[in-house]
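Below you'll find the structure, written out as structure tokens, and then a few comments.
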Amino acid sequence: MSNVKDMSLAPSGHLKMEWAKRHMPVLCRIAEEFKNDKPFEGLTIGMALHLEAKTAILAETLLEGGAKIVITGCNPLSTQDDVAAACVEKGMEVYAWRGETNEEYYENLNKVLDSNPDIIIDDGADLIFLIHTERTELIGKIMGGCEETTTGIIRLKSMAEEGALKFPVVNVNDAYTKHLFDNRYGTGQSAMDGIIRTTNLLIAGKNVVVGGYGWCGRGVASRAAGHGANVIITEVNPIRALEAKMDGFTVLKMEEAAKIGDIFVTTTGCKDILRMEHFLLMKDGAVLSNAGHFDNEINKNDLKELSKSVKEARFNIEEYDLGNKKIYLLGEGRLVNLACADGHPCEVMDMSFANQALSAKFIKENKGKLENEVYEIPYEQDFKIALLKLHSMGADIDELSPEQRKYLSDWKEGT
């Protein structure tokens, strides 16, 4: 029995799904294969992902492959209630709504696990972590899992290194056709979309501080610069900081950037990127946002401690009054691109979710053959998805001739 906010919203959700599907040709191609082959016949797939239109197309693809789908959200503010209702009408079991309390969030994760799933598809590893801590009775049944995001992979690799991981997990995040496009172009566009549509402020001429220069950070920096911002990067890794500098951005310590920033975007996957000492240095009217998976990159407890009052300044914007200045927090410090917008563009999620679908199939086909480790995506899978995407965009590539292949594998031929 599903539990969603309002089933009458389903027609709107179906429209969103149809729009997304039109722009996800690779996943649709895989759905056709799954419809014919039924690789998941008789299996239950438990999913915890941002429940919006693109995710729904992934779930529908797995449903076409014969799976029973039981799904919840992976963030209290990222579920779109109309899409959740539409998924129920599609025949999925859904436990999710926007604005869940922390208790409700974990209740819904447990509802997914109550279905006794065979395969897990996760974003942030909350579902997998819950299995390992509170629902250990499920470990023997689960064939494996797939993890979508950097934050989740960090957690899972730590578990694997300590010998705590009890079933194999495929690292979807590090697929070339995921992180080079989803993390960079997806996060860049959708984070700026969330900031702009929520604040209705001009970006041009403002100092935009980006915390972190991984693929997500460089995507945000690129798009902010495209809007005319003065982009400032903060980093802890000198190699990435050097890249940012040579890409033309200012690189500062956060304590210096805090003094001059107008808009802040954290993209690190780590906690306390913005904290008390930074809030004290910020100017009146500073806007804070987070594009990392969890809401701990901006220390909200520190911000509350410094504030005389907190109120809603506008939908999805909280005003923290520190007495001598006001600081504005977007989307409760949760993922700004999903809490304040519609998430990544359909075209990049087409590749990310194609990887999820094929990785779930990989787990099924290799049941009992995999160790309890974090596995990288096979190169052949990356290659297939990239080629399908290229063709869908009207592009094509050359092939090496036999002579070229021989040359590249022969150490004898030189100048």
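Backbone N, Cα and C define each Cβ position, glycine as well.
Reduced to three states, the DSSP call for ASP182 (substrate binding site) is helix. Sequence-distant contacts (6 or more apart, same chain, Cβ under 8 Å) of ASP182 (substrate binding site) comprise HIS344, VAL348, MET349, MET351, SER352. Per Swiss-Prot, the feature substrate binding site maps to ASP123, GLU148, LYS178, ASP182; the stated evidence is sequence analysis.
Sequence annotations record features per position, and here Swiss-Prot assigns NAD(+) binding site to 149-151, ASN183, 212-217, GLU235, 291-293, ASN337 based on sequence analysis. Neighbour count (other Cβ atoms within 10 Å of the Cβ, all protein chains): 29 for CYS216 (NAD(+) binding site).
ASP123 (substrate binding site) falls within neither a helix nor a strand when secondary structure is assigned with DSSP, and so counts as coil. Close to the recorded substrate site, the chain also has THR149, VAL172, ASN173, HIS179, ASN183, SER352, ASN355, GLN356: residues not among ASP123, GLU148, LYS178, ASP182 whose Cβ is within 8 Å of the site's Cβ mean position. Among the binding-site residues listed here, namely ASP123, GLU148, LYS178, LYS178 has its C-alpha nearest to that of GLY214 (NAD(+) binding site). When secondary structure is read from DSSP and collapsed to three states, THR149 (NAD(+) binding site) falls in the coil class. Taking a C-beta cut-off of under 8 Å and a sequence gap of six or more, LYS178 (substrate binding site) has these contacts in its own chain: VAL172, MET351, SER352, ASN355, ILE377.
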